[in-house]
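The NAD(+) binding site annotation in TrEMBL covers D30, K35, T86, T121, E169, K284, R349. Marked as substrate binding site by TrEMBL: F166, L167, K168, E169, K225, F270, L271, Y272, A273, G274, G278, K342. Feature annotation from TrEMBL assigns active site, nucleophile to C281. Per TrEMBL, the feature domain 'UDP-glucose/GDP-mannose dehydrogenase C-terminal' maps to 335-444.
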Amino acid sequence: MKVTVFGSGYVGLVTGACLADAGNHVVCVDIDAAKVALLNSGQVPIHEPGLEAIVASSRAAGRLSFTTDAAAGVAHGEALFIAVGTPPDETGSADLKYVLAVARGIGEHFTGFKVVADKSTVPVGTGDRVTEAITAELLKRGFAADPAERARLGQPDFTVISNPEFLKEGAAVADFNRPDRIIIGADSTPSGQRGLELIRQIYAPFTLNHDRTMVMDVRSAEFTKYAANAMLATRISFMNELANLAEDLGADIELVRRGIGSDPRIGYSFLYAGTGYGGSCFPKDVSALRRTAAEHGRELRILAAVEAANTAQKDVLGAKIRARFGDDLTGLTFAVWGLSFKPNTDDMRDAPSRVLIAELVRRGALIRAYDPAAMAEAKRVLALDLGGDVGRIAFVESAMAAVAGADALVIVTEWKAFRNPDFAALARGLGRKAIFDGRNLYEPSVVEAAGLAYFPIGRRQVS
Ligand SMILES: NC(=O)C1=CN([C@@H]2O[C@H](COP(=O)(O)OP(=O)(O)OC[C@H]3O[C@@H](n4cnc5c(N)ncnc54)[C@H](O)[C@@H]3O)[C@@H](O)[C@H]2O)C=CC1
Ligand SMILES: O=C(O)[C@H]1O[C@H](OP(=O)(O)OP(=O)(O)OC[C@H]2O[C@@H](n3ccc(=O)[nH]c3=O)[C@H](O)[C@@H]2O)[C@H](O)[C@@H](O)[C@@H]1O
């Protein structure tokens, strides 16, 4: 099938590449000319396991191409996916300017029948706004506003479908290829049902053994996306608060996690205490959902608490460091392992490492930072965060190079390569012999045996 994807970011590029890999002919449209040029030269601008290989093979097979030409993109696809950003606006709501710009571009150019499938995370009711934006362009082109009238006159027809995306960064290709569910929100008109069938066909190869497609109305589909992210964020904040209490109580949150996870009503996933959730989605989606509620005169009290707990948790490592070394950190050097908001990505959006590093630098410390994939992006965003004042941060080539000359080690992101370090070498390298572990990677007794102080989250501290 012929498919066009608007937006070549984490979601759009993965969607385009995976759909091309499944045999579709895909054109990806992006307004960022530099990104399009890079992709057309065979490079992939983001770190996502497995992505480069399918981009390369699909391009070689002639099934995947990139362009800035929206009109060509609209002409190409029977299905047009919208996967552009929906960042927070100044009120905390999702900014729809990119989504609506794509909608207008579609309305300006399309002929025949198109299914417009929205993959961006958008507030409930956005499907209607996209329909209105496309219809307004059709009116300008002299076509009828009413779909039945357009059908009678043989004029261009379209439907807007909600198809929220649930992939996780760092596992995006795997998640897209083996989705837990595919949500399709369609209306009950003949065009809506025609669009639904087209989208179903596109996803058929991804649901071969067990149909995971769930069909619902557009508003419920839009809401499902926010509900899922808000629920996951809630679990994390809940566990972070219990972890902090576990430290006061002399209990071990890792044992508690396993204890409650074994209850199938609770399950094991997303119960890891840490440094607070980050990334491009949970923070903005929790905030946008609260905003939607406020617009309807409601307060989502639980989500207000989830946000507050998360903001506080981002300082959990800073607080432990202050408790150990005092408020003035002048003269101390901290090795920081892991900068991206989670492993297997170079994404620094809302990464907890940014809060930690700003705090340590503000208190006079020096930083030796290392991340397996996010070094370039970290340099860029930390320079922005610190107003260009990055002289106190050394970006080094390896985990052990970060430790050389450092007083203490701080682990912010749980990259696999950090899981089994040479503790004896760490003990020799760290001047003040301490590890602050925001991801509970080690057994306290093992770290203790190496002669190191150990400050994990919600577990026994070894000091
Ligand atoms: N990053 C993730 O893991 C997930 C993100 N989402 C949602 O998907 C949407 C996209 O997120 P990301 O891929 O992370 O964003 P991103 O910021 O990585 O990529 C967005 C892309 O859209 C392009 N763009 C902006 N306006 C455009 C236009 N008019 N035409 C064509 N391209 C345009 C930008 O240049 C950029 O390359 C957001 O709504 C997000 O909430 C949903 C699930 C997972
Ligand atoms: O809407 C989105 O963009 C996506 O948001 C999340 O995916 P992502 O942000 O890529 O990464 P997650 O693995 O969910 O991690 C988010 C944050 O929560 C933290 N986290 C996660 C799990 C956990 O148990 N504890 C915890 O602190 C991570 O460290 C990270 O900072 C969701 O998991 C995806 O289903 C969703 O599609």
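Backbone N, Cα and C atoms are what each Cβ position is placed from, and that goes for glycine too.
Curation plays no part in TrEMBL annotations; they are all automatic predictions.
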Those recorded positions of K225, A273, C281 having Cα within 10 angstroms of T121 (NAD(+) binding site): K225, C281
C-beta crowding around G278 (substrate binding site), within 10 angstroms: 25
Coarse DSSP state, helix versus strand versus coil, of L271 (substrate binding site): coil
Average pLDDT across the domain 'UDP-glucose/GDP-mannose dehydrogenase C-terminal' (335-444), rounded to a whole number: 97
Binding residues D30, K35, T86, T121, E169, K284, R349 (NAD(+)) - maximum C-alpha distance in whole Å: 24
R349 (NAD(+) binding site) as reference: those binding-site residues from F166, K225, L271, A273, G278 with C-alpha within 10 Å of it: G278
The domain 'UDP-glucose/GDP-mannose dehydrogenase C-terminal' (335-444) - residue tally per DSSP class, helix then strand then coil: 38 helix, 19 strand, 53 coil
Listed recorded positions (A273, C281), ranked by Cβ neighbours within 10 Å, top entry: A273
Distance, C281 (active site, nucleophile) to T86 (NAD(+) binding site) (CA atoms, angstrom): 9
Where the C-beta lies under 6 angstroms from ligand 2, the matching recorded positions among K168, G278, C281, K284: K168, G278, C281
In sequence order, those binding-site residues of A273, K284, R349 whose CB lies under 6 Å from ligand 1: none
